[in-house]
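Among the features that Swiss-Prot reports, transmembrane segment is placed at 36-56, 95-115, 144-164, 173-193, 233-253, 262-282, 302-322, 327-347, 416-436. Residues or ranges marked as NADP(+) binding site by Swiss-Prot: LYS354, ARG358, LEU391, TRP396, ASN403, TYR404, ASP443, CYS447, ALA448, ASN449, LYS450, TYR451, TYR458.
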Amino acid sequence: MASKSQHNASKAKNHNVKAESQGQWGRAWEVDWFSLVSVIFLLLFAPFIVYYFIMACDQYSCSLTAPILDVATGRASLADIWAKTPPVTAKAAQLYALWVSFQVLLYSWLPDFCHRFLPGYVGGVQEGAITPAGIVNKYEVNGLQAWLITHFLWFVNAYLLSWFSPTIIFDNWIPLLWCANILGYAVSTFAMIKGYLFPTSAEDCKFTGNFFYNYMMGIEFNPRIGKWFDFKLFFNGRPGIVAWTLINLSFAAKQQELYGHVTNSMILVNVLQAIYVLDFFWNETWYLKTIDICHDHFGWYLGWGDCVWLPYLYTLQGLYLVYHPVQLSTPNALGVLLLGLVGYYIFRMTNHQKDLFRRTDGHCLIWGKKPKAIECSYTSADGLKHRSKLLVSGFWGVARHFNYTGDLMGSLAYCLACGGGHLLPYFYIIYMTILLTHRCLRDEHRCANKYGRDWERYVAAVPYRLLPGIF
């Protein structure tokens, strides 16, 4: 959206303007009973869900029903299952501490140089979106650089110098899970304490009066240590997403070690998910304007989620293929590849069209035509009035969140690569469908509050959310 700000001359209206505008960004100020129950449920059961999936693969070859049947029929007790679970080890703790420290070093102390020689890549110091309090934060965008350095050192150490086995991640997968949980809870707790005692921007904090909701959804909007270490950008991208491709490579190496070859399904999962990861880091500057940075506060949802949920559940397909080396027929493999690539194309081009429209203030061509837009206005918490444009051309004229549609197509491709033998690898598409549908509805609720009647005009122009003619 192209925005121009003009000062609101009436200071007397500022308080009311701020109160009205709070619905535009971030999480709620007040907590209804359904939200509270949902938060407590996730706090209690999300860690168990992660453990259950990983344990099911480790002890039951990825069967989701076998552990339940064993306990129900008395063949095993919960204590038996727990006793077989590998504990945290000194080796895993050292590996994880080294990993996180290295990513902190790359993020904080190595300014980006990739933008100097990679045509089209935008890195280095970049501005984020305006916050509810009217603040524009600056970020050191260097995720692609961190990914390249990390993977270069991985290949050198694992394959040339042989300092460690490329299967090292798989071999320590459950002990590393406990380490990731420790970091996830530690950073979430620290962020909450920081929000109460020494927030980076007090004007952007939200307190509901409910401990569980504050802990889960966060208090601070953009918690930082010093000038550049931004919790959101670091934990969203590093260490989880940088690790994503390394985890998959370790799973592929384990498959090679166990069976003497790597299946085409494992190659598909590695390639398709690597495309997504590289896209994330290539467009990290664009990510600064997305919902995670622009709307979500930093709490357990992001802190623990990025440390544990993302690296452990987003990689289930590769883990499953270690235990079940599926070899797809050539037509099926090509079909999965095509679905993944088409989904990625829709995802990327949809986002590119919006970015192009923003950068040029609409002075561009989309699908060979001058783009159409709905003119909108809104007022931020600091009393500034902003003007925006909502794109209704290209993919944005097909559906209001067609980028999510492409994302879901790619997610389905990851799962289909694993065949139809088990439910476990399909958790990802189920989860992403729920997540993106929820984000879609949440985003539209915010936009309705933010733009009012202008949003109604936009909905009339683009009537479908995700699937044209259906939803």
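A Cβ is built for glycine as well, from the same backbone N, Cα and C atoms used for every other residue.
Just so it is clear, the model here is predicted, and its values are computed rather than measured.
All features noted in Swiss-Prot, drawn onto the structure.
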| residue | record | CB count, 10 Å |
| --- | --- | --- |
| LYS354 | NADP(+) binding site | 21 |
| LEU391 | NADP(+) binding site | 23 |
| ASN403 | NADP(+) binding site | 23 |
| ASP443 | NADP(+) binding site | 16 |
| ALA448 | NADP(+) binding site | 17 |
| LYS450 | NADP(+) binding site | 21 |
| TYR458 | NADP(+) binding site | 21 |
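Secondary structure from DSSP puts TYR458 (NADP(+) binding site) in a helix.
As a quick check, the transmembrane segment (36-56) and the transmembrane segment (302-322) clear the bar of 3 or more Cβ pairs under 8 A, pairs 6 or more apart, so the two touch.
The list of residues near the transmembrane segment (233-253) in space but at least 6 beyond its ends in sequence, with Cβ under 8 angstroms from a Cβ of it, reads 99-100, 103-104, 106-107, 139, 143, 146-147, 150-151, 154, 158, 165-170, 187, 262, 266-267, 269-270, 273-274, 277, 280-281, 284, 287-288, 292-293, 298, 302-303, 306-307, 310-311, 314-315, 318-319, 321-322.
In terms of C-beta pairs under 8 Å, the stretch of 95-115, 144-164, 173-193, 262-282, 416-436 lying closest in packing to the transmembrane segment (302-322) is 173-193. The stretches the transmembrane segment (262-282) and the transmembrane segment (173-193) do not meet in space: the count of Cβ pairs below 8 angstroms, excluding pairs fewer than 6 apart in sequence, stays at fewer than three. Taking every listed stretch (95-115, 173-193, 416-436) in turn, the largest tally of C-beta pairs under 8 A with the transmembrane segment (144-164) is reached by 95-115. Away from its own ends, the transmembrane segment (416-436) comes close to residues 53, 56-57, 62-64, 265, 268-269, 272, 313-314, 316-317, 320-321, 324, 326, 328, 333, 335-336, 339, 401, 404, 407-408, 466 of its chain (Cβ-Cβ under 8 Å, at least six residues beyond either end).
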